[in-house]
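Asker: The compositional bias 'Low complexity' annotation in TrEMBL covers 34-65. Positions annotated as domain 'Major facilitator superfamily (MFS) profile' by TrEMBL: 115-703. Residues or ranges marked as transmembrane segment in TrEMBL: 115-134, 154-175, 182-202, 238-262, 274-300, 320-341, 394-414, 434-455, 467-485, 588-611, 676-699. What TrEMBL records for 508-565 is domain 'Kazal-like'. Here TrEMBL flags 708-720 as compositional bias 'Polar residues'.
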Amino acid sequence: MAMPQNSTRENGFCFAQPLDFSCPCPGPGEAGRPLAAAAARDGHSTALSNGSASSGAASPSESCSQPLCSPAPPEEDTPLQEGIKYVSAEGEELACGWGGFTPGCLQLCNTSKGVLFFLCVASFLQGMTVNGFINTVITSIERRFDLRSYQSGLIASSYDIAACICLTFVSYFGGNGHKPRWLGWGVLLMGLGSLLFALPHFTTGQYEARSAALVGVCGGNQSLPCSQAASSLSGYRFVFMLGQFLHGMGATPLYTLGVTYLDENVKTNYSPVYIAVFYTAAILGPAAGYLVGGMFLNIYTEIGREIDIAPENTLWVGAWWIGFLGAGAASLLISIPILGYPQRLPGSQRYIVMRVSEAHQLKDGSHKKASDPDFGKTVKDLPRSVLLLLKNPTFIFLCLAGATEATLIAGMSTFGPKFLESQFSLSASEAATFFGYLVVPAGGGGTFLGGFLVNKFKLRCSGIIKLCLLCTVSSLLAIFIFFIHCPNMPMAGVTQMYDGSALPGGHLNLTAACNAQCGCLQETYSPVCGTDHIMYYSPCHAGCKRVAENLRNGKKVYHECSCVDKALLPGSGKAEAGKCTSSCAKKPLLLCFMFVVILFTFLSSIPALTATLRCVSDRQRSFALGIQWIVVRTLGGIPGPIAFGSMIDKSCLLWQDQCGEQGSCYIYQNSAMSRYTLVAGLVYKVLGTTFFIVACFLYKPPPPESAPGSSDASENGTSDLQEHKPSLPAEEDL
């Protein structure tokens, strides 16, 4: 049997009447068997051209009443009609299952909604693991395995390196292959990567804190020995890098083939909504990773063992490995149903037939090569595929715009908590939680809203690019909020002298008459807030001699602090562990505009992705997404945190001293941090705006009279075909 796909005539869309697409039939063993091509009831075929039927054909109103899924007479052969291109579907299995095991109960999930659910779970797990757990536990891993910051940076970068290496291969061959199998094996690899990442916890000995003694009280400091030689545990960084490499390999099909598989199996105007839901799950994953990972870090890494140090202690290592075990097991389980999906879903052929091609038209007409059914199936076509994409200026500038947005997203996700921590004088855990609450509604809501707007207003490719431009300009205007900042909380010896006067030349001076006899170490940074609302480097630097615990909040309270001004309040001369609370009046305004920047940045993400899918030919969609991801990661995702980090580091006031080597930054100057953030944001937002403008001007849509073989049939209600094509059942719309 054969199925109609595209017309080769020049006068429009021709197909047999009434239409009969492939779909699963209820009988046992017949699920997914392709049904007959349509034939007229009197035994001869009739052609429909531009919505008008030849004599003897059913009228459009009559055709609406004809069932789309009616079996043809078994013994009759449908004559091939001139002008209709048939694609054989013999032997194609559309049932959900594994090999010959295709139980009927599984077919309930053999829909676009079923695929969307499992892909959302997979993207949620990927986001929770790679962008949530790893960012949360990286400090604990450094402490547990004696890693330097650049070594942990290599661990984080291994994910992007693996993705860049695999993207071309996966998107090119996977795009022309069995996408669910590529997706399922990818999720399986991701699960193995998570289990491998947790492995070092079980292959090393128990963690022993170097000292459980109280360090920091005046006169009670003990020298902390510097380990000149690298610990043997630092070799485990290669295991972590391999785990991250598997994460990167496994996630590569998810955001290329997963997106195109969804796009191919739903109506064109619903595709942005499905993709938006998929990406929203990927954004909620990191938020869950921050919250759940933070909760696990409050459990000691050696579960069941009693320890006399609290999570606030710098020697504490939390149970960083639990999250990776859970995420790994869940990924292995979710890969099983994904591997069972067919190459295309039942009934999806109708969407391929009616798909509107909005591919950018090249002057030399070389874009037509990609419509050849045999194009892209061999390695020989790879250079031609790359060349076709490079000759598409709309695609190129959408990739560059995506890279600038990715730079901002990567930079803000890495340093957003640090910005809040410095501006509002929060602890690291408070800042991470605060930032999570900010990103979930702004990032998740913006992602979903972007897809909803494209569907609601039924935007074509040029309209989508204009929407992206509007979002980028809006976030560009909102980013000027970084002109304002919250003042630094006063800190004795760092932002001011102990007597309140300005520091000469801006140099640190942590020693004063009140703490000269304490023998304080600069390596021991443990800030306390005095009752005079001034912060001190440590209890020792505040001259505190006794420590007790506040029964109300569990924080340590230090007494007999000689540096704290006793003249202010009766019973003063005390200090409490932690930073002083900021009472910045500009806090609501800063948070409000940060919300707007994040919202509009994510609002353009799904429209930009949809425009990328539409500006290239159908057969190049997966490969185009792969190339775009390479550009975005190479120019945005990888250098983004480095660029933001180097600029923010310029605003550092107090660096950690690790045995004479410079470590991380303890305290930033808020005004300089806001200024550098503003500069970085403006540069990348202006570049993004420019790229979207150029993409919009250079986009050349297909002529409206194109045949639907390059498929210029509209589902957006703007063409004649929309008015005359046979109706589809309502339940198939979503």
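Keep in mind that glycine also has a Cβ here, set from the backbone N, Cα and C atoms.
Walk me through where these features lie, including what they touch and how far apart they are.
Answerer: Long-range Cβ contacts of the transmembrane segment (115-134) within its own chain (Cβ-Cβ under 8 Å, at least 6 residues beyond either end) map to 109, 155-156, 159, 180, 183, 187, 190, 194, 244, 247, 250-251, 254-255, 258, 261-262, 265, 274, 277-279, 281-290, 292-293, 320, 323-324, 327, 330-331, 334-335, 337-338, 341, 345, 413.
Within the same chain, residues 112, 116, 119-121, 123-129, 131-133, 135-137, 140, 255, 258-259, 262-263, 266, 307, 311, 316-320, 322-323, 413, 429, 432-433, 435-436, 439-440, 443-444, 447-452, 602, 605-606, 609-610 sit at least 6 positions outside the transmembrane segment (274-300) and bring their C-beta atoms closer than 8 Å to a C-beta of that stretch.
Residues of the same chain lying 6 or more positions beyond the ends of the transmembrane segment (434-455) and with a Cβ under 8 Å from any Cβ of it are 269-270, 272-277, 279-280, 283-284, 286-287, 290-291, 413, 416-417, 420, 424, 426, 464, 467, 471, 591, 594-595, 598-607, 610.
Long-range Cβ contacts of the transmembrane segment (467-485) within its own chain (Cβ-Cβ under 8 Å, at least 6 residues beyond either end) map to 401, 405, 423, 450, 453-454, 459, 586, 589-590, 593-594, 596-597, 599-601, 603-604, 607-608, 611, 670-671, 673-675, 677-678, 681-682, 685-686, 688-689, 692-693, 696.
Using a Cβ-Cβ cut-off under 8 Å and counting only residues 6 or more beyond its ends in the same chain, the transmembrane segment (676-699) has close neighbours at 360, 393-394, 397-398, 400-401, 404-405, 407-408, 411, 419, 461-462, 465-466, 468-469, 472-473, 475-476, 479-480, 482-483, 597, 611, 615, 643-644, 647-648, 650-651.
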Asker: Using a Cβ cut-off under 8 Å, which residues of the same chain at least 6 positions beyond either end of the transmembrane segment (320-341) come close to it?
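Answerer: Residues 96-98, 106, 109-110, 115, 118-119, 121-122, 125, 128-129, 132-133, 137, 140-141, 144, 180-181, 183-185, 187-188, 190-195, 197-198, 201, 250, 289, 292-293, 296-297, 299, 301 contact the transmembrane segment (320-341) from elsewhere in the chain.
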Asker: Can you tell me how the residues of the domain 'Kazal-like' (508-565) break down into helix, strand and coil by DSSP?
Answerer: 0 helix, 13 strand, 45 coil
